[in-house]
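What TrEMBL says about this protein:
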| type | residues | note |
| --- | --- | --- |
| COMPBIAS | 1-12 | compositional bias 'Basic and acidic residues' |
| DOMAIN | 494-601 | domain 'PGG' |
| REGION | 1-25 | region 'Disordered' |
| REPEAT | 230-251 | repeat 'ANK' |
| TRANSMEM | 497-521 | transmembrane segment |
| TRANSMEM | 541-567 | transmembrane segment |
| TRANSMEM | 579-606 | transmembrane segment |
| TRANSMEM | 612-634 | transmembrane segment |
Amino acid sequence: MDCSEARLDKIESQSSTESSQDQRRQGCFSMNKINNGFRTLSSRGFLRARGKAKDTESVPEYLINLRWSDLFDLPGEYVVMNAVMLSTLSDGNEEWLEKMRSLGTPLACLKNNRGDSVLHLAATWSHLELVKSIVSEWPCLLLEANSKDQLPLHLAARVGHSAVVEALVASVTFFSDKLVEEDRERLNPYVLKDINGDTALNLALKRRYMEVALFLVKANQQASFLASKDGISPLYLAVEAGDLSLVKAMLGNNGTEGTNFNLEGRKYLAHAALKSMSTDVLEVILNKYPSVVDERDEKGRTCLMFGASMGYYKGVCKLLERSTESVFVCDDDGSYPIHMAVENSHIEVVIAMLQRCPYSKHLLNRKGQNILHIAAESGNLSILDHLTTCESTYYHLSNEQDVDGNTPLHLATIKWRPRAIHCLAGKKNLLTQNNKGLTALNIADVNLQPHYIFRERLTLMALADAQFKNYPTFRDTPHTMGLTRPIKPKDGGNKDYINALLVVAALIATVTFTAGFTIPGGVRSSNPNLGMANLVTNPCLIAFLIFDIMALETSFMSVVFLIVVQLGDPALYHISVQAAMLCLYLAIYFMSFAFFFAMVIVAGNATWLLSIYIYLTIPTLMLMLSTFIPHALLH
């Protein structure tokens, strides 16, 4: 009797959500031991039947003739099924049952090499009628586990066949209804876990079989709070999926509002609700268990930090409406929710936090950085624009220094963010030095690479523009040395660099020279004025000739300068390259304008064609200009 009671205690320890942490670490008990314990208890009279049986009219037909003792009536030794048996069973043909009976081996003794009984296989292959037939003949297989400690209910839930799950649940309910209330809790296969710690409900939810999951929850709510070995409970999965009806079913009568809940595994349900982007689920969770607001995930983030980092505006507002205390709680790295929103460019979330907690703009992380530091470093222009135009304390934030003495302008320069510099540069922070004694322009000067990097040149131009505006005598300061540093081709490719420029200049000279003899409109072929242009008085032809001549001459000048460069005189190298590049860019522009006027002459009546040409040409010329200025003017 003492042995039976000890086994019963083991069964209860797994099926109860009130188990201690030590019991949870022990994992799942062997299903065979559990079944043996049930059979021992049943044979010794520890499981007591109810006085009144359930109305047979509500009992499924395939269960009517079953008795309580049939649940534990296993025959002899197990027999491994051969390939013929397995292939025939996979078809789901009920004639298979008759054939197996004729062989003389009880169906309950048949298993495959993985320990699956015939009920496991029928449930896996979703053969409903076959499942009913097997249960009606061998109900003991309902509690028979395979080598992974999985019941047939586990496998049916895993494949998501709702009809099979309903049949198995009805079978279990049929036998549990024969017990008194106390013993009925002991016959609870819904809370039994496999070797991975998964209940049947967990397996259904991991594959998003929500209908099956809802049916299992209605059958037994207790399994909703049991986590698998990876720390994920069915309740967490339901919240993460954003299924409001399922979450309500799980939380239905589990305690009163505001009480602590006994949930295994991950307890940060508010994070999962935010991830599902369902404010309804979030509200249900917060109303039931307000304490989840303070739960942290594996990265040490509260739910407000998580919502701010993912940019879920509605969820963040829902949390802020309840309490603003979490705004002033930092994570393990010292970052606050508003810092995470700024870092991930979630402008709506930032504005929502500033409206409800204006002082949060002054919060500093462990590096001593405010929100403007983070915005400058990450290059979030929308947030920078908002802070510079809408915040009255912008001047203080822009001049505040972090633990390294860097202002937001320093960080923007370090990351080579020219547009951020345009927003941040002011009269004071331009001359502010960090702990190394460097201003923003000094940092650009130190980190500037000798070869041409477009972003670096744009950054230098933005700094120079701000410096000239605030300090007119800037040109006379030593800082101009960085702006006039000579550009060298990357990886020492000087020869290839010069040759490429020379080829382009020669091509432009060839094209423009040829265009001078193929004048639009043609030439006169008879006297008087033989060989003269037919449209010599046309203003567009005159403009074409002017720009063509200028393109030709500037390309010639570029070729000459590049020939001088090839001579190898160090004193003339840099000035010759600069002059050649300037002439080359001008030649390209002049050639573009010449072509435009040629188009006007040839297709002047097709205004739509000219309009298309203009719309295509202007952006190209602007792009060329924006590329040229940082390279040539800051050479």
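Backbone N, Cα and C define each Cβ position, glycine as well.
Break the domain 'PGG' (494-601) down by DSSP state and the numbers are 82 helix, 2 strand, 24 coil. Here the domain 'PGG' (494-601) has a mean pLDDT of 82 out of 100. For the repeat 'ANK' (230-251), DSSP puts the residue distribution at 16 helix, 0 strand, 6 coil.
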